[in-house]
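Participant: Have a look at this one.
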Amino acid sequence: MKRSGKIGIGLGIVVVVGAGIYAATAGQSNSKASAHTVALVTDGGGVDDHSFNQSAWEGLKAYGKSADLKQGKNGYNYFQSNTASDIKTNFQTAVKGGYKLIYGVGFAASPALKEVAKNNPKTNFAIIDDVVKQKNVASLTFHSEQSSYLAGVAAAKTTKSNTVGFVGGIHGDVIDTFDAGFAAGAKSVNPDIKILNQYTNSFTDAAQGKTIAATMISKGADVIFQAAGGAGNGVFAEAKADNQKLDSSSDKKVWVIGVDRDQYTDGQYKDKNGKSANFTLVSAVKRVDSAVEDIAKKSADNKFPGNKVITYGLKEKGVGLVKNSASNETWEAVQKAQQKIEDGKITVPVHP
Amino acid sequence: MSLMSILTLVISSTLVYSAPLIFTSIGGTFSERGGVVNVGLEGIMGIGAFAAVVFNLTFADQFGALTPWLGLLAGAIIGLLFSLLHAVATVTLRADHIISGTVINLMAPALGVFLIKVIYGKGQTEPISRDFGYTSLPLLKDIPVIGDLFFAKTSGPAWLAIIIAVLSWYLIFKTKFGLRLRSVGENPQAADTLGLNVARLRYAGVMLSGILGGIGGAVVAQSISLNYSAGTIVGQGFVAMAAMIFGRWNPLGAMAASLFFGLSQSLAVVGAQLPVIQNIPSIYLQIAPYVLTIVVLVFFFGKTRAPKADGVNYIKAT
């Protein structure tokens, strides 16, 4: 008797709790029927990583503002993954939270996204910078070769030694687009230009980046484009160390081209006379934010491009070049090249 | 490129790469000579890098060109405080040295990024405005040939590191303190019987490693990465440990090993841009540093021997 009493109480609790959960979830889905809620699952970094995650989050905020949503459960939100193993859990939490559209950032997120998307066919997903072929997943990729082409044009127009350099991170399809685009752009201005090319084989080893830059500079390169993540910091460090010993208007000044985001502040320095100057020539930026906003809007209008790969180029403003310290003459050449790419007169190669 | 400019390039990039390793590996030597294994060097470097960058960003306007040097001091002080955690855990509380060191390594980047977020409201700092850059040493740079190669365009911290290495060698092998430190690392019982304070000497060893490890991190941050993020110190602390072992727990050996790592790294990069070597597939150049290390270890070194009581907690009989 005593025992069955306990079981009875236990059952009672289960029923009450179960009903509560049911009521809560049911209520949730009702109230959300109107708003098109969106969520972002970050990869290794946070939403202030100066890179993809931050840019994606800015796009989400911009969408939230335009759709009159608030940050939080019934509007737009982010889930931070501190390690790779958090990513899947975060996707599942986001699905349970009832978000209509969930973004994953970078190739690190795609295996988890693939699996969660398969198990939750009613929720829409978008993957940034990778391709996942599934009905409820849209893949957003970027024509980085186009912005790199423009960077190449700017480099070739600026160099005084007729030698430019490219420092890549790790060989692969993504960095190939930067490599190939830059070379094609530089050669379009001057077919005889010398392009030095070397990889750090790491996205974090700044010391490698610094040594490579030092080697290129001593071989005469005076404009260097780096697409090597954190290793690219070393390229900036080397150029800064050299430029500090020169007059800011010296012919030997070394320029660095920023990548993914506007790297103007990385090029700030004081020349040998103590004058403030800058050596970031241009930055080849990836506008993850505008791509994210674009897909959120499409999805809200019931035009979600499931199972499609959408590539953002110069025309869609998914990639672009920021002027920074480039001369007006250089910038004119860049704009002309941009027009040609947008008109489809130039097709930029994606592999070197 | 002329031979002269190739040599200059190889030497200056070797020194830039080696400087933080020299400081940190000597730090490790002090700690292990005293009998405390310090796998936390990586974490200590990280916190030193953090302290130097915060100091640099805050005080660059006040101290001008002197800022990065004072940044080393900031790195040293914070590194010292951080290493005290390791000393308290291992010497006073008799914890396992590897576990305590691992905790230091796990804690440092998380703490650094957390504090950066609290202070600046973002995940990584802006670039610092005053860095080490290249130094040319007065007088020495006027020596023909050698001056151009070693002193005209060089790394200031690297030369400081080399001086510290010589001083540390003297301290460990030629002074009373050094003898005592080594004796608690070899046979703490005997040292205790002779009236030495084992705990105090071990504390001193760990604290010296904190100071030098912090300086090592500060050098990385202020001459190579120029900002602080979770990715500023990734693996340099472990390379420094390897240099310490390679250098047989001797400051001069640790320095030579660090320079060797720097040289092979620099040759791998510079070689790819040189005629003839250029034609060798780059994969061979990339593995060259590691192959060279193994070859040197196998052929030129006998058995290396760690201090006898290294990693062994000393429990005083009462």
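Every residue gets a Cβ built from N, Cα and C, even glycine.
Here TrEMBL flags B:34-57, B:69-92, B:98-120, B:157-173, B:203-222, B:228-247, B:259-277, B:283-301 as transmembrane segment.
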Participant: Where among B:69-92, B:157-173, B:228-247 do we find the most Cβ pairs under 8 Å to the transmembrane segment (B:203-222)?
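Facilitator: Highest pair count goes to B:69-92.
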Participant: Can we call the transmembrane segment (B:98-120) and the transmembrane segment (B:34-57) in contact, meaning three or more C-beta pairs below 8 angstroms at a sequence separation of 6+?
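Facilitator: In this chain the transmembrane segment (B:98-120) contacts the transmembrane segment (B:34-57) - 3 or more Cβ pairs sit under 8 Å.
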Participant: In terms of Cβ proximity under 8 Å, which residues at least six beyond the ends of the transmembrane segment (B:69-92) contact it?
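Facilitator: 36, 38, 40, 43-45, 47-56, 59, 63, 100-101, 103-104, 108, 157, 199, 202-203, 206-207, 209-215, 217-219, 221-222, 313.
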Participant: What residues in the same chain, six or more past the boundaries of the transmembrane segment (B:259-277), come closer than 8 Å to it by Cβ-Cβ distance?
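Facilitator: Those are 1, 6, 9-10, 13-18, 21-22, 239, 242-243, 246, 285-286, 288-289, 292-293, 296, in sequence order.
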Participant: So what's near the transmembrane segment (B:34-57) in sequence-distant terms, Cβ-Cβ under 8 Å and 6+ beyond its ends?
Facilitator: 20, 24, 27-28, 67-68, 70-72, 74-79, 82-83, 86-87, 90-91, 97-98, 100-109, 111-112, 115-116, 119, 125-126, 128-131, 181-182, 184-186, 188, 201-202, 204-206, 209-210, 213-218, 220-222, 225, 227-228, 232-233, 235-238, 240-241, 307, 309-312, 314
